[in-house]
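K.L.:
According to Swiss-Prot, the protein carries these features:
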- Arg24, Glu81, Lys120, Lys448: (6S)-5-formyl-5,6,7,8-tetrahydrofolate binding site (BINDING)
- 216-373: domain 'TrmE-type G' (DOMAIN)
- 226-231, 245-251, 270-273: GTP binding site (BINDING)
- Asn226, Thr245, Ile247, Thr250: K(+) binding site (BINDING)
- Ser230, Thr251: Mg(2+) binding site (BINDING)
Amino acid sequence: MSDNVPTIAAVATAPGRGGVGVIRISGKNLLPMAQALCGKTPKPRVATYADFTDEDGQAIDSGLLLFFAAPASFTGEDVIELQGHGGPVVMDMLLNRCLELGARLAEPGEFTKRAFLNDKLDLAQAEGVADLIDASSRSAARLALRSLKGDFSRRIHGLVEDLITLRMLVEATLDFPEEDIDFLEAADARGKLDGLRRAVDDVLANAQQGAILREGLNVVLVGAPNVGKSSLLNALAGDEVAIVTDIAGTTRDAVRERILIDGVPVHIVDTAGLRETDDVVERIGIERSRKAVSEADVALVLVDPREGLNEKTRAILDALPLELKRIEIHSKSDLHAHAAGGFGTGAETVIALSAKTGDGLDALKRTLLREAGWQGESEGLFLARTRHVNALKAAQEELSLAALCGNHQIELFAEHLRLAQVACGEITGEFTADDLLGVIFSRFCIGK
């Protein structure tokens, strides 16, 4: 990084009141700032008890000061942490004092971004920091920690090293174009390529599982009015999150709820119907429902077996994208017998369910996990993002194209290897555009 990088400061603990609050400062040559803050010169990695004072020497708070000298710190720069009492007024006064002494307020994710730019961690590890903070389940937290500790990165670095080795082998043959030799066969380049393809497939399979655990499944509930969509949402959520009455059309806006099934987040939207209406308020809810449908991975199509596919249900089915996966739910199974087979909703799975008694809920949850592609947490998994999966798919495609090259298409073979390496490098940040870095780190919390 440049020598002109400014000193930054921010509250590193969550907003609100707490027993302890932490101010984090990062920059170059921070000992004079520490001296001005508490009248002491701290030793590296030693907790120093001190009064934190304002410009007039009046105590703002008392607590612990920790100093981490560059480069042995989280950001790779000098880092100071002030651990004081966790009230918002005290934290605000301490932060303002740091700003008076020359620091500026840190942007979201700026501490982690500096750690990345100073080679303290790579991009996949940096994203692991945010994912650990945002983890919605124990499984997600465990897998995010693996990414933070470098499990995912080591897999990617291994792929890159193998790609570089194969590229060196292949590109060395380009120095001898006049030789009538099948270099790809002679150097066993194809055998090595097959091994690389298997390795990429393995990492991709793990990344897809990690992405499922991080990003979950988007589900919409659709069906005719008063068929039991809100009751099903409440049953899945285990709470009264939607109003349930005997009046058709009670739900006038899309109701959203997130649940966990075996640690996998499932984002459920109870739609406000998919029909035309003159009611302005209801029309807004219907537009939101249509948007939810367009973003969904699975639609739960609720059908009353006593009525089958009535005109309203058919109209709703016509509004669903053809490629959207569907699960047909025969609702209110406690009130009537389950109809054999489905009603032609386009669903491969039919489940009889009672939101009142809970019968069929476990079967539905298992089916949702299957539709998500979740295979269960296993050794070697790590938390991943959609961009990681897409990058690995790009590498997979380039290696597949390399395998199609003729025996003497060495230059084209080498180019596909290079592009596969670039795709893998995007994951760890070796080849990453600045605008992508800005997007990634802007989603962090301030102080991290």
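Backbone N, Cα and C atoms are what each Cβ position is placed from, and that goes for glycine too.
Help me understand the surroundings of these features in the structure.
P.N.:
Residues near Lys448 ((6S)-5-formyl-5,6,7,8-tetrahydrofolate binding site) in space but far in sequence (CB under 8 A, at least 6 apart, same chain), listed by position: Ala12, Pro108, Gly109, Phe111, Thr112, Val129, Ala130, Ile133.
In the three-state DSSP classification, Asn226 (GTP binding site) falls within coil.
The Cβ neighbour count for Ser230 (Mg(2+) binding site), using a 10 Å radius over every protein chain in view, is 21.
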K.L.:
Mind checking which of Arg24, Lys120, Lys229 has the fewest other CB atoms within 10 A of its CB? They're the binding-site residues.
P.N.:
Lys120
K.L.:
Using a Cβ cut-off under 8 Å and a sequence separation of 6 or more, which residues in the same chain sit near Glu81 ((6S)-5-formyl-5,6,7,8-tetrahydrofolate binding site)?
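P.N.:
Result: Ala12, Val22, Ile23, Arg24, Ile25, Leu65, Leu66, Phe68.
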K.L.:
List the Cα distance (Å, whole number) between Lys120 ((6S)-5-formyl-5,6,7,8-tetrahydrofolate binding site) and Lys229 (GTP binding site).
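P.N.:
On Cα coordinates alone, these residues lie 49 Å apart.
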K.L.:
Quick one: largest C-alpha distance among Arg24, Glu81, Lys120, Lys448, binding (6S)-5-formyl-5,6,7,8-tetrahydrofolate per the record, in angstrom?
P.N.:
18
